[in-house]
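Asks: What Swiss-Prot records for this protein is below:
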ACT_SITE  Cys110  active site, acyl-thioester intermediate
ACT_SITE  His370  active site, proton acceptor
ACT_SITE  Cys400  active site, proton acceptor
BINDING   Tyr205, Ala266, Ala268, Val366  K(+) binding site
BINDING   Tyr205, Lys244, Val245, Leu246, Lys249, Ser269  CoA binding site
Amino acid sequence: MISNLSKVLNSNVKRMYTTAKNLESVVIVSAVRTPIGSIGGSLSTIPGTKLSSITIEEAVKRAGIKPSDVDEAIIGNVISANLGQAPARQCALGAGLEQKTITTTINKVCSSGMKAIVFGAQSIALGHSKTVVAGGFESMSQVPYYADKMRFGAKYGNQTFIDGLVRDGLADAYNGSAMGVCGDDCADKYKITREQQDKFAVDSYLRALEAQKNGFFNDEIVQVPIVGRGGKVTYVVEDEEPKKVLFDKIPNLKPAFTPNGTVTPANASKLNDGASSVILMSESHAKELGLKPLARIIGYADAEQAPIEFPTAPALAIPKALKNAGINMSQVDLFEINEAFAVVGLANAKILDIDHNKLNVNGGAVALGHPIGSSGCRIVVTLTHLLQNKNLKYGVAAICNGGGGSTALVLEKL
(Lines of atoms letter the chains of each structure in order from A and count residues from 1; the text may use other names and numbers.)
(Lines give C-alpha, C1' and ligand atoms only; values in the text may rest on other atoms or scores of the structure.)
Protein backbone atom coordinates (compact mmCIF):
# COMPACT_ATOMS: atom_id res chain seq x y z
CA MET A 1 0.00 0.00 0.00
CA ILE A 2 2.81 2.41 0.92
CA SER A 3 4.59 1.44 -2.29
CA ASN A 4 1.50 2.21 -4.36
CA LEU A 5 1.01 5.56 -2.58
CA SER A 6 4.64 6.42 -3.28
CA LYS A 7 4.16 5.68 -6.96
CA VAL A 8 1.08 7.91 -7.12
CA LEU A 9 2.87 10.77 -5.34
CA ASN A 10 5.91 10.46 -7.58
CA SER A 11 3.67 10.44 -10.63
CA ASN A 12 1.85 13.58 -9.47
CA VAL A 13 5.12 15.37 -8.68
CA LYS A 14 6.52 14.42 -12.08
CA ARG A 15 3.37 15.71 -13.77
CA MET A 16 3.62 18.99 -11.82
CA TYR A 17 7.22 19.56 -12.89
CA THR A 18 6.42 18.62 -16.49
CA THR A 19 3.61 21.19 -16.47
CA ALA A 20 5.87 23.84 -14.94
CA LYS A 21 8.47 23.34 -17.66
CA ASN A 22 5.89 23.56 -20.46
CA LEU A 23 3.83 26.57 -19.47
CA GLU A 24 1.57 27.96 -22.16
CA SER A 25 2.24 31.53 -23.30
CA VAL A 26 -0.82 33.68 -22.50
CA VAL A 27 -2.12 36.48 -24.72
CA ILE A 28 -4.81 39.15 -24.58
CA VAL A 29 -7.07 38.87 -27.62
CA SER A 30 -9.49 41.68 -26.77
CA ALA A 31 -9.76 44.32 -24.05
CA VAL A 32 -12.89 46.34 -23.31
CA ARG A 33 -14.31 48.65 -20.66
CA THR A 34 -17.41 50.68 -20.06
CA PRO A 35 -17.21 54.43 -19.71
CA ILE A 36 -16.70 55.31 -16.04
CA GLY A 37 -19.72 56.92 -14.43
CA SER A 38 -19.82 59.28 -11.47
CA ILE A 39 -21.49 58.10 -8.27
CA GLY A 40 -25.20 58.79 -8.65
CA GLY A 41 -24.51 59.60 -12.30
CA SER A 42 -25.11 58.20 -15.75
CA LEU A 43 -24.54 54.52 -14.91
CA SER A 44 -25.98 54.55 -11.39
CA THR A 45 -29.23 52.77 -12.27
CA ILE A 46 -27.46 49.77 -13.81
CA PRO A 47 -26.36 46.89 -11.55
CA GLY A 48 -22.63 46.29 -11.56
CA THR A 49 -23.15 42.73 -12.74
CA LYS A 50 -24.97 44.07 -15.81
CA LEU A 51 -22.13 46.48 -16.56
CA SER A 52 -19.76 43.52 -16.42
CA SER A 53 -22.00 41.47 -18.72
CA ILE A 54 -21.91 44.27 -21.28
CA THR A 55 -18.10 44.24 -21.33
CA ILE A 56 -17.89 40.44 -21.44
CA GLU A 57 -20.30 40.22 -24.36
CA GLU A 58 -18.38 42.91 -26.25
CA ALA A 59 -14.99 41.36 -25.45
CA VAL A 60 -16.16 38.01 -26.84
CA LYS A 61 -17.48 39.75 -29.96
CA ARG A 62 -14.28 41.72 -30.55
CA ALA A 63 -12.15 38.63 -30.00
CA GLY A 64 -13.97 36.92 -32.85
CA ILE A 65 -14.93 33.89 -30.80
CA LYS A 66 -18.21 32.28 -29.74
CA PRO A 67 -19.59 32.38 -26.18
CA SER A 68 -19.24 28.60 -26.13
CA ASP A 69 -15.47 28.99 -26.58
CA VAL A 70 -15.05 30.53 -23.12
CA ASP A 71 -14.00 27.94 -20.54
CA GLU A 72 -13.84 30.17 -17.50
CA ALA A 73 -14.87 33.62 -16.24
CA ILE A 74 -12.91 35.16 -13.37
CA ILE A 75 -14.34 38.50 -12.28
CA GLY A 76 -13.21 40.93 -9.59
CA ASN A 77 -15.64 42.73 -7.29
CA VAL A 78 -15.07 44.37 -3.92
CA ILE A 79 -18.43 45.13 -2.33
CA SER A 80 -20.75 42.23 -3.14
CA ALA A 81 -23.48 43.08 -0.63
CA ASN A 82 -26.97 42.90 -2.16
CA LEU A 83 -25.72 41.72 -5.54
CA GLY A 84 -27.12 38.23 -5.12
CA GLN A 85 -25.30 34.92 -5.10
CA ALA A 86 -22.15 34.36 -7.15
CA PRO A 87 -21.70 37.74 -8.86
CA ALA A 88 -19.25 36.40 -11.45
CA ARG A 89 -21.81 33.78 -12.45
CA GLN A 90 -24.39 36.51 -12.99
CA CYS A 91 -21.92 38.45 -15.12
CA ALA A 92 -21.12 35.43 -17.28
CA LEU A 93 -24.67 34.22 -17.84
CA GLY A 94 -25.86 37.78 -18.41
CA ALA A 95 -23.34 38.03 -21.24
CA GLY A 96 -24.66 34.89 -22.90
CA LEU A 97 -21.86 32.56 -21.84
CA GLU A 98 -22.86 28.93 -21.58
CA GLN A 99 -23.96 27.14 -18.42
CA LYS A 100 -20.79 25.04 -18.52
CA THR A 101 -18.59 28.11 -18.03
CA ILE A 102 -16.66 27.95 -14.76
CA THR A 103 -17.04 31.18 -12.79
CA THR A 104 -15.22 32.70 -9.82
CA THR A 105 -15.54 36.05 -8.05
CA ILE A 106 -12.30 37.63 -6.78
CA ASN A 107 -11.95 40.17 -3.96
CA LYS A 108 -8.47 41.68 -3.55
CA VAL A 109 -9.88 45.14 -2.92
CA CYS A 110 -8.69 47.54 -5.64
CA SER A 111 -6.42 44.87 -7.16
CA SER A 112 -9.39 42.55 -7.77
CA GLY A 113 -9.68 43.12 -11.51
CA MET A 114 -5.97 42.64 -12.12
CA LYS A 115 -5.75 39.62 -9.84
CA ALA A 116 -8.59 38.10 -11.87
CA ILE A 117 -6.40 38.47 -14.96
CA VAL A 118 -3.47 36.84 -13.16
CA PHE A 119 -5.60 33.89 -12.08
CA GLY A 120 -6.89 33.57 -15.64
CA ALA A 121 -3.36 33.65 -17.04
CA GLN A 122 -2.26 30.99 -14.57
CA SER A 123 -5.19 28.75 -15.48
CA ILE A 124 -4.24 28.96 -19.15
CA ALA A 125 -0.49 28.66 -18.54
CA LEU A 126 -1.06 25.42 -16.64
CA GLY A 127 -3.28 24.03 -19.37
CA HIS A 128 -6.44 24.01 -17.25
CA SER A 129 -8.29 26.35 -19.65
CA LYS A 130 -7.82 27.48 -23.23
CA THR A 131 -9.93 30.63 -23.14
CA VAL A 132 -10.73 32.77 -20.09
CA VAL A 133 -12.61 36.02 -19.70
CA ALA A 134 -11.18 38.04 -16.81
CA GLY A 135 -12.17 41.42 -15.49
CA GLY A 136 -13.88 43.36 -12.76
CA PHE A 137 -16.76 45.64 -11.92
CA GLU A 138 -18.16 47.94 -9.27
CA SER A 139 -21.31 49.97 -8.95
CA MET A 140 -20.37 52.18 -6.04
CA SER A 141 -23.70 53.96 -6.54
CA GLN A 142 -25.61 50.81 -5.63
CA VAL A 143 -23.66 49.76 -2.53
CA PRO A 144 -26.16 49.58 0.35
CA TYR A 145 -26.05 50.82 3.89
CA TYR A 146 -25.99 48.08 6.53
CA ALA A 147 -28.36 47.77 9.49
CA ASP A 148 -26.16 45.42 11.50
CA LYS A 149 -28.27 45.39 14.67
CA MET A 150 -31.45 44.20 12.98
CA ARG A 151 -30.68 40.46 12.78
CA PHE A 152 -31.87 39.84 16.34
CA GLY A 153 -33.63 43.14 16.93
CA ALA A 154 -32.51 46.45 18.35
CA LYS A 155 -33.07 46.27 22.11
CA TYR A 156 -33.14 49.93 23.04
CA GLY A 157 -32.29 53.41 21.80
CA ASN A 158 -31.34 54.91 18.46
CA GLN A 159 -29.60 52.80 15.85
CA THR A 160 -27.30 53.85 13.03
CA PHE A 161 -26.64 52.57 9.53
CA ILE A 162 -23.16 51.55 8.39
CA ASP A 163 -22.04 52.76 4.96
CA GLY A 164 -21.05 49.66 3.00
CA LEU A 165 -18.81 51.76 0.77
CA VAL A 166 -16.72 52.81 3.72
CA ARG A 167 -16.87 49.60 5.76
CA ASP A 168 -15.96 47.14 3.01
CA GLY A 169 -14.29 49.31 0.42
CA LEU A 170 -12.67 52.49 1.63
CA ALA A 171 -11.65 52.05 5.28
CA ASP A 172 -8.66 50.29 6.81
CA ALA A 173 -9.89 47.10 8.48
CA TYR A 174 -7.35 47.39 11.31
CA ASN A 175 -7.81 50.91 12.62
CA GLY A 176 -10.94 52.04 10.80
CA SER A 177 -9.29 55.05 9.16
CA ALA A 178 -10.11 56.12 5.62
CA MET A 179 -7.71 55.17 2.85
CA GLY A 180 -7.00 58.87 2.43
CA VAL A 181 -5.36 58.92 5.86
CA CYS A 182 -2.83 56.45 4.46
CA GLY A 183 -2.39 58.81 1.52
CA ASP A 184 -1.59 61.69 3.87
CA ASP A 185 0.88 59.46 5.73
CA CYS A 186 2.55 58.57 2.43
CA ALA A 187 2.86 62.23 1.46
CA ASP A 188 4.50 63.02 4.81
CA LYS A 189 6.90 60.08 4.57
CA TYR A 190 8.08 60.88 1.04
CA LYS A 191 7.93 64.67 1.49
CA ILE A 192 5.41 65.17 -1.30
CA THR A 193 3.72 68.56 -1.02
CA ARG A 194 0.12 69.63 -1.56
CA GLU A 195 1.28 71.68 -4.54
CA GLN A 196 2.93 68.66 -6.15
CA GLN A 197 -0.21 66.59 -5.67
CA ASP A 198 -2.44 69.30 -7.09
CA LYS A 199 -0.14 69.70 -10.10
CA PHE A 200 -0.24 65.93 -10.68
CA ALA A 201 -4.05 66.01 -10.45
CA VAL A 202 -4.34 68.89 -12.91
CA ASP A 203 -2.06 67.04 -15.31
CA SER A 204 -4.18 63.89 -14.96
CA TYR A 205 -7.30 65.87 -15.86
CA LEU A 206 -5.62 67.62 -18.79
CA ARG A 207 -4.36 64.33 -20.17
CA ALA A 208 -7.79 62.71 -19.79
CA LEU A 209 -9.56 65.63 -21.46
CA GLU A 210 -7.05 65.58 -24.31
CA ALA A 211 -7.53 61.83 -24.71
CA GLN A 212 -11.30 62.25 -24.85
CA LYS A 213 -11.04 65.11 -27.33
CA ASN A 214 -8.83 63.07 -29.67
CA GLY A 215 -10.74 59.81 -29.32
CA PHE A 216 -7.85 57.97 -27.67
CA PHE A 217 -10.26 55.91 -25.53
CA ASN A 218 -12.55 54.94 -28.41
CA ASP A 219 -10.91 51.57 -29.06
CA GLU A 220 -11.30 50.45 -25.46
CA ILE A 221 -14.80 51.69 -24.61
CA VAL A 222 -18.11 49.93 -25.24
CA GLN A 223 -21.14 52.22 -25.07
CA VAL A 224 -23.74 51.48 -22.42
CA PRO A 225 -27.46 51.74 -23.25
CA ILE A 226 -29.71 53.52 -20.75
CA VAL A 227 -33.45 52.94 -21.03
CA GLY A 228 -35.35 56.04 -19.97
CA ARG A 229 -38.98 57.05 -19.70
CA GLY A 230 -41.21 55.68 -22.41
CA GLY A 231 -38.54 53.17 -23.36
CA LYS A 232 -36.33 55.80 -24.96
CA VAL A 233 -32.74 54.55 -25.20
CA THR A 234 -29.72 56.80 -24.82
CA TYR A 235 -26.08 55.75 -24.73
CA VAL A 236 -23.25 56.57 -22.34
CA VAL A 237 -20.16 56.79 -24.52
CA GLU A 238 -17.47 58.55 -22.49
CA ASP A 239 -16.07 58.85 -18.97
CA GLU A 240 -18.14 61.22 -16.88
CA GLU A 241 -15.60 62.68 -14.44
CA PRO A 242 -13.08 64.63 -16.58
CA LYS A 243 -15.46 67.32 -17.77
CA LYS A 244 -16.72 68.00 -14.23
CA VAL A 245 -13.40 69.45 -13.11
CA LEU A 246 -13.20 73.07 -11.90
CA PHE A 247 -9.50 73.87 -12.14
CA ASP A 248 -9.71 77.21 -10.35
CA LYS A 249 -11.08 75.57 -7.19
CA ILE A 250 -8.36 72.92 -6.86
CA PRO A 251 -5.79 75.04 -4.93
CA ASN A 252 -8.38 76.22 -2.40
CA LEU A 253 -9.94 72.90 -1.39
CA LYS A 254 -9.65 71.84 2.24
CA PRO A 255 -7.90 68.59 3.23
CA ALA A 256 -10.32 65.66 2.96
CA PHE A 257 -9.01 63.28 5.60
CA THR A 258 -6.75 64.84 8.24
CA PRO A 259 -6.78 68.46 9.49
CA ASN A 260 -3.32 69.29 8.16
CA GLY A 261 -3.28 66.73 5.36
CA THR A 262 -2.54 67.26 1.69
CA VAL A 263 -5.01 64.84 0.09
CA THR A 264 -8.12 66.66 -1.15
CA PRO A 265 -11.24 65.75 -3.15
CA ALA A 266 -9.46 67.00 -6.28
CA ASN A 267 -6.17 65.11 -5.97
CA ALA A 268 -7.86 61.87 -4.89
CA SER A 269 -9.74 59.42 -7.08
CA LYS A 270 -13.52 59.61 -7.15
CA LEU A 271 -16.40 57.22 -6.33
CA ASN A 272 -17.53 55.56 -9.52
CA ASP A 273 -19.36 52.90 -11.50
CA GLY A 274 -17.83 50.80 -14.27
CA ALA A 275 -16.65 47.45 -15.56
CA SER A 276 -13.90 46.00 -17.74
CA SER A 277 -13.01 42.66 -19.32
CA VAL A 278 -10.26 40.98 -21.32
CA ILE A 279 -10.26 37.76 -23.30
CA LEU A 280 -7.23 35.62 -22.48
CA MET A 281 -6.11 32.50 -24.30
CA SER A 282 -3.01 30.47 -24.92
CA GLU A 283 -0.93 31.85 -27.76
CA SER A 284 -1.02 28.47 -29.48
CA HIS A 285 -4.83 28.38 -29.31
CA ALA A 286 -5.08 31.91 -30.71
CA LYS A 287 -2.90 30.79 -33.61
CA GLU A 288 -5.10 27.73 -34.19
CA LEU A 289 -8.15 29.99 -34.41
CA GLY A 290 -6.40 32.47 -36.72
CA LEU A 291 -6.70 35.32 -34.22
CA LYS A 292 -4.30 38.24 -33.86
CA PRO A 293 -3.60 38.92 -30.17
CA LEU A 294 -3.07 42.45 -28.89
CA ALA A 295 -0.48 41.67 -26.21
CA ARG A 296 1.34 38.89 -24.42
CA ILE A 297 1.40 38.66 -20.62
CA ILE A 298 5.06 38.11 -19.81
CA GLY A 299 5.18 38.68 -16.06
CA TYR A 300 3.17 39.42 -12.96
CA ALA A 301 3.67 39.62 -9.22
CA ASP A 302 2.09 40.61 -5.93
CA ALA A 303 3.62 42.37 -2.94
CA GLU A 304 2.48 43.23 0.57
CA GLN A 305 3.63 45.51 3.37
CA ALA A 306 2.05 47.24 6.38
CA PRO A 307 -1.58 48.26 5.72
CA ILE A 308 -0.88 51.97 6.23
CA GLU A 309 1.84 51.75 3.57
CA PHE A 310 -0.42 50.37 0.85
CA PRO A 311 0.10 53.42 -1.44
CA THR A 312 3.71 52.41 -2.17
CA ALA A 313 3.14 48.65 -2.51
CA PRO A 314 3.37 48.94 -6.33
CA ALA A 315 7.03 49.92 -5.89
CA LEU A 316 7.56 46.41 -4.49
CA ALA A 317 5.35 44.52 -6.96
CA ILE A 318 6.68 46.16 -10.14
CA PRO A 319 10.34 45.05 -9.75
CA LYS A 320 9.17 41.51 -8.94
CA ALA A 321 6.96 41.42 -12.03
CA LEU A 322 9.77 42.78 -14.22
CA LYS A 323 12.15 40.15 -12.88
CA ASN A 324 9.62 37.45 -13.70
CA ALA A 325 9.25 38.95 -17.18
CA GLY A 326 13.00 39.03 -17.73
CA ILE A 327 13.20 42.73 -18.56
CA ASN A 328 14.33 45.82 -16.66
CA MET A 329 12.85 49.24 -15.89
CA SER A 330 14.70 50.96 -18.73
CA GLN A 331 12.98 48.74 -21.29
CA VAL A 332 9.46 49.72 -20.21
CA ASP A 333 7.80 52.18 -22.58
CA LEU A 334 4.65 52.95 -20.59
CA PHE A 335 3.43 52.62 -17.01
CA GLU A 336 -0.17 52.57 -15.79
CA ILE A 337 -0.18 52.96 -12.01
CA ASN A 338 -3.66 53.40 -10.58
CA GLU A 339 -4.16 56.84 -9.10
CA ALA A 340 -6.01 56.01 -5.90
CA PHE A 341 -4.56 59.38 -4.94
CA ALA A 342 -2.16 61.67 -6.77
CA VAL A 343 0.38 60.83 -4.08
CA VAL A 344 0.32 57.17 -5.18
CA GLY A 345 1.54 58.10 -8.64
CA LEU A 346 4.08 60.56 -7.27
CA ALA A 347 5.50 58.31 -4.54
CA ASN A 348 5.90 55.21 -6.71
CA ALA A 349 7.43 57.25 -9.51
CA LYS A 350 9.85 58.76 -6.99
CA ILE A 351 10.86 55.38 -5.55
CA LEU A 352 11.28 53.70 -8.94
CA ASP A 353 12.52 56.77 -10.85
CA ILE A 354 9.71 56.61 -13.43
CA ASP A 355 9.65 59.34 -16.07
CA HIS A 356 6.36 61.24 -15.75
CA ASN A 357 6.09 61.26 -19.54
CA LYS A 358 5.74 57.47 -19.42
CA LEU A 359 3.20 57.39 -16.60
CA ASN A 360 -0.59 57.40 -17.08
CA VAL A 361 -0.25 59.26 -20.36
CA ASN A 362 -4.02 59.45 -20.94
CA GLY A 363 -4.76 60.43 -17.35
CA GLY A 364 -5.56 58.20 -14.41
CA ALA A 365 -8.13 57.51 -11.73
CA VAL A 366 -7.88 61.01 -10.23
CA ALA A 367 -9.47 62.30 -13.44
CA LEU A 368 -11.18 59.24 -14.92
CA GLY A 369 -12.54 57.67 -11.74
CA HIS A 370 -11.95 54.53 -9.71
CA PRO A 371 -14.72 51.89 -9.67
CA ILE A 372 -12.70 49.79 -7.28
CA GLY A 373 -13.44 46.25 -8.48
CA SER A 374 -12.83 47.22 -12.11
CA SER A 375 -9.76 49.48 -11.92
CA GLY A 376 -7.14 46.72 -11.89
CA CYS A 377 -8.46 45.39 -15.18
CA ARG A 378 -9.28 48.87 -16.51
CA ILE A 379 -5.65 49.97 -16.46
CA VAL A 380 -4.65 46.75 -18.25
CA VAL A 381 -7.30 47.47 -20.91
CA THR A 382 -6.00 51.02 -21.31
CA LEU A 383 -2.36 49.90 -21.41
CA THR A 384 -3.09 47.21 -24.00
CA HIS A 385 -4.60 49.75 -26.38
CA LEU A 386 -1.93 52.36 -25.66
CA LEU A 387 0.82 49.93 -26.68
CA GLN A 388 -1.06 49.14 -29.88
CA ASN A 389 -1.91 52.72 -30.80
CA LYS A 390 1.54 54.10 -30.02
CA ASN A 391 3.35 51.04 -31.45
CA LEU A 392 5.39 50.54 -28.28
CA LYS A 393 6.73 47.23 -27.01
CA TYR A 394 6.57 46.90 -23.21
CA GLY A 395 4.13 48.20 -20.63
CA VAL A 396 3.61 47.76 -16.90
CA ALA A 397 0.31 48.06 -15.06
CA ALA A 398 0.24 48.17 -11.26
CA ILE A 399 -2.35 48.90 -8.61
CA CYS A 400 -2.26 49.19 -4.83
CA ASN A 401 -4.93 47.72 -2.59
CA GLY A 402 -6.16 48.24 0.95
CA GLY A 403 -4.44 46.07 3.53
CA GLY A 404 -0.97 46.90 2.21
CA GLY A 405 -0.95 45.03 -1.09
CA SER A 406 -0.37 45.47 -4.79
CA THR A 407 -0.54 43.51 -8.04
CA ALA A 408 1.58 44.28 -11.11
CA LEU A 409 1.45 42.94 -14.66
CA VAL A 410 3.91 43.22 -17.57
CA LEU A 411 2.69 43.27 -21.18
CA GLU A 412 4.47 42.90 -24.50
CA LYS A 413 2.71 44.28 -27.58
CA LEU A 414 2.09 41.81 -30.38
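Numbers run from 1 along the shown chain.
Cβ atoms here come from the backbone N, Cα and C positions, even for glycine.
Keep in mind it's a predicted model, so treat the numbers as computed, not measured.
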Asks: Excluding near sequence neighbours, so keeping only residues 6 or more apart in the same chain, what lies with its CB under 8 A of Lys244 (CoA binding site)?
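Replies: Same-chain residues close to Lys244 (CoA binding site) (Cβ under 8 Å, separated by 6 or more) are Ser38.
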Asks: Write down the Cα-Cα distance for His370 (active site, proton acceptor) and Lys249 (CoA binding site), rounded and given in Å.
Replies: 21
Asks: Spatially speaking, which of the recorded positions Val245, Ala268, Ser269, Cys400 is closest to Cys110 (active site, acyl-thioester intermediate)? Use C-alpha to C-alpha, please.
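Replies: The answer is Cys400.
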Asks: Using DSSP, would you call Val245 (CoA binding site) helix, strand or coil?
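Replies: Going by the DSSP assignment, Val245 (CoA binding site) belongs to neither helix nor strand, so it counts as coil.
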Asks: Between Cys110, Val245, Ala266, Ser269, which of the recorded positions has its C-beta surrounded by the fewest other C-beta atoms within 10 Å?
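Replies: Ranked by other Cβ atoms within 10 Å, the recorded positions Cys110, Val245, Ala266, Ser269 bottom out at Val245.
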Asks: Roughly how many angstrom lie between the C-alpha atoms of Val366 (K(+) binding site) and Ser269 (CoA binding site)?
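Replies: About 4 Å separate the Cα atoms of these two residues.
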Asks: Judged by the number of other CB atoms within 10 angstroms, which among Lys249, His370 is the least packed of the recorded positions?
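Replies: Lowest Cβ count within 10 Å among the recorded positions (Lys249, His370) is Lys249.
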Asks: Could you check which of the recorded positions Tyr205, His370, Cys400 is the closest Cα neighbour of Ser269 (CoA binding site)?
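Replies: Closest by Cα: His370.
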Asks: Out of Tyr205, Leu246, Ala266, Ala268, Cys400, which of these recorded positions is nearest His370 (active site, proton acceptor) by C-alpha distance?
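Replies: Nearest candidate: Ala268.
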Asks: Measuring Cα to Cα, how many Å separate Ala268 (K(+) binding site) from Cys400 (active site, proton acceptor)?
Replies: 14
